[in-house]
Protein chains: 2
Amino acid sequence: MADLAHNITLVGAGTIGLSFAALHLTKNPSCKVTIYDTRPDLQAYVKQHLPGYLIDTDHDACLARLIFANDLQDAVKDATVVQEQGPENADFKVSIWPQIEQHAPANAIFWSSTSGIPASVQGAQMHDTSRLVVVHPYNPPHIMPLLEVVPSSQTSQVVVDRTVSYWRALGRTPVVVKKECTGFVANRLAFALFREACSLVSQGVVDVKDLDEIVQASMGPRWSVAGPFKSYHAGGGEGGLASFMEKIGGTVQECWEASEDDVRKGAITVGGVWQGDVCRQTDEAYGVVATAERDEKTRKVLAAVGRT
Amino acid sequence: MADLAHNITLVGAGTIGLSFAALHLTKNPSCKVTIYDTRPDLQAYVKQHLPGYLIDTDHDACLARLIFANDLQDAVKDATVVQEQGPENADFKVSIWPQIEQHAPANAIFWSSTSGIPASVQGAQMHDTSRLVVVHPYNPPHIMPLLEVVPSSQTSQVVVDRTVSYWRALGRTPVVVKKECTGFVANRLAFALFREACSLVSQGVVDVKDLDEIVQASMGPRWSVAGPFKSYHAGGGEGGLASFMEKIGGTVQECWEASEDDVRKGAITVGGVWQGDVCRQTDEAYGVVATAERDEKTRKVLAAVGRT
């Protein structure tokens with residue numbers, strides 16, 4: 001995929017679809033983007049909302065490279081890539097891929113933006129599952145660099161390679177996840193910290209806003225520059241992570257055990273009694289979040305670490 | 001503490017002591033800093049190593065405001081704040097505070113940089129435990145803005161208030177933790193994610209370097225700008241966090257359950273069989289980390305979010 005002259009068909013024109021459209025159009029000046037959605041007002045809807053996702057670019061030039069399609073067969077017939085972000089349920093995905101496969105060119109590859117339905121499940125009724133791979137964005141994809149590339153055991157290496165080189169060429173950060181697993185990697189990590197956050201808040205150790213402040217003034221900036229392994233490896237000095245575990249391991253283990261106890265005692269499961277108070281506190285702390293301001297700051301942070 | 005003309009006595013001249021010395025000297029031009037340590041080469045040692053912590057400042061002017069002490073009584077006799085970063089064991093801390101208390105002025109307040117020994121334990125042999133509060137930095141404190149202020153139930157509100165206003169006046173981010181708990185908040189959160197990271201790597205889902213890359217390209221930048229509650233609150237749209245939990249809660253719960261299963265199956269406890277391979281991978285990925293480069297990048301990220 002050194003050649004970026006792609007025809008990319010987006011299936012689904014929700015917020016992820018629009019964000020990906022903006023990303024392809026701004027970062028890949030030689031691509032054409034087709035947006036497929038069954039909504040009757042598709043063209044008007046996209047023209048109204050897409051400009052909000054187009055940053056530092058000529059809106060008209062971008063819109064000129066957009067094609068609208070209400071018919072799936074039409075939408076995919078010239079595609080080199082079909083990128084799906086339809087409803088997040090397995091039935092939808094299982095049923096749409098055979099239709100796409102039937103009408104797309106033989107060498108087109110297929111990406112699903114799912115946050116949790118693995119390619120091995122989605123491909124159940126496909127003829128050739130080697131073409132399908134999950135490309136899970138971290139929202140919103142026109143801002144955040146990460147793309148988790150999650151092949152099934154049947155996805156071909158060529159498809160993985162083409163996927164990775166496309167995103168690299170666009171300056172993004174595709175990372176291949178080696179085994180399909182529940183929630184993939186980014187959400188697994190984030191939700192693990194989030195559960196601990198919910199547990200600490202529900203115990204009254206810290207309130208919602210102070211917990212966020214703690215993360216924003218410590219792990220956030222640190223992990224923008226060096227992930228957890230690199231950070232603790234540095235923390236161990238010359239002996240690295242092994243030395244860190246030797247020196248600080250006792251505290252780490254105590255924390256892990258305290259977490260388990262607290263999560264169990266607090267019954268920190270989704271829909272538990274704790275949830276109402278945590279949601280109420282969050283609502284009181286933030287009201288409606290100004291995402292445009294958040295995204296602008298995030299872009300500054302990304303620029304500071306050389307990511308765009 | 002609107003008046004910043006402090007005499008700050010640092011007990012312990014290790015890396016945290018030097019980092020705090022640099023922080024006080026650069027951010028508080030009217031303070032004097034006394035460094036106490038029993039090492040006989042104290043003055044030579046500090047003069048050699050402190051400049052590495054002094055950024056964008058006149059080294060000589062900073063060093064001119066430094067006093068060296070090998071005698072504890074001398075070191076604390078004029079202090080307004082005594083800040084301890086000695087050996088991380090309870091016996092040391094329990095035994096040193098009564099000596100400090102005996103010789104420091106009556107209105108001096110006491111901070112411990114401990115990462116895990118609560119003030120309620122440290123103060124066991126003190127006459128007046130209301131003066132002692134934990135001020136736990138996120139390393140290194142001359143770079144990272146966070147200070148977890150963790151009072152015991154006996155710490156006076158005046159001491160907490162003076163502590164918070166001092167650090168705010170220096171442009172740092174002090175956050176008061178409401179209840180003493182194992183590991184305080186920042187490490188509890190970071191270690192929860194770290195355990196999940198170790199679990200995923202030891203299962204072969206992702207390797208060490210790719211996991212770090214995932215965090216650096218997603219949560220790191222995001223959480224620099226908006227912590228987990230604010231982020232998921234935004235993710236829920238107008239309905240906020242409650243709506244997020246409604247929509248994505250199923251996936252969150254699946255991830256939490258998968259984590260528990262995997263951590264149990266992988267026996268992800270400190271010193272477990274998994275640890276050798278993870279440490280080896282980390283060592284191969286990074287060798288010796290260039291912390292100066294990491295710190296410089298971190299400062300750029302902090303500047304991007306308006307923290308210094």
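Each residue, glycine too, has its Cβ placed from N, Cα and C.
Remember, predicted model here, so these are calculated numbers, not experimental data.
The domain '3-hydroxyacyl-CoA dehydrogenase NAD binding' annotation in TrEMBL covers A:8-180. Residues or ranges marked as domain '3-hydroxyacyl-CoA dehydrogenase C-terminal' by TrEMBL: A:183-251. Residues or ranges marked as site 'Important for catalytic activity' by TrEMBL: A:His136.
DSSP assigns A:His136 (site 'Important for catalytic activity') to a strand. Within the domain '3-hydroxyacyl-CoA dehydrogenase C-terminal' (A:183-251), the DSSP-based counts of helix, strand and coil residues read 56 helix, 0 strand, 13 coil.
Every protein chain shown contributes to the tally, and the Cβ of A:His136 (site 'Important for catalytic activity') ends up with 24 other Cβ atoms within 10 Å.
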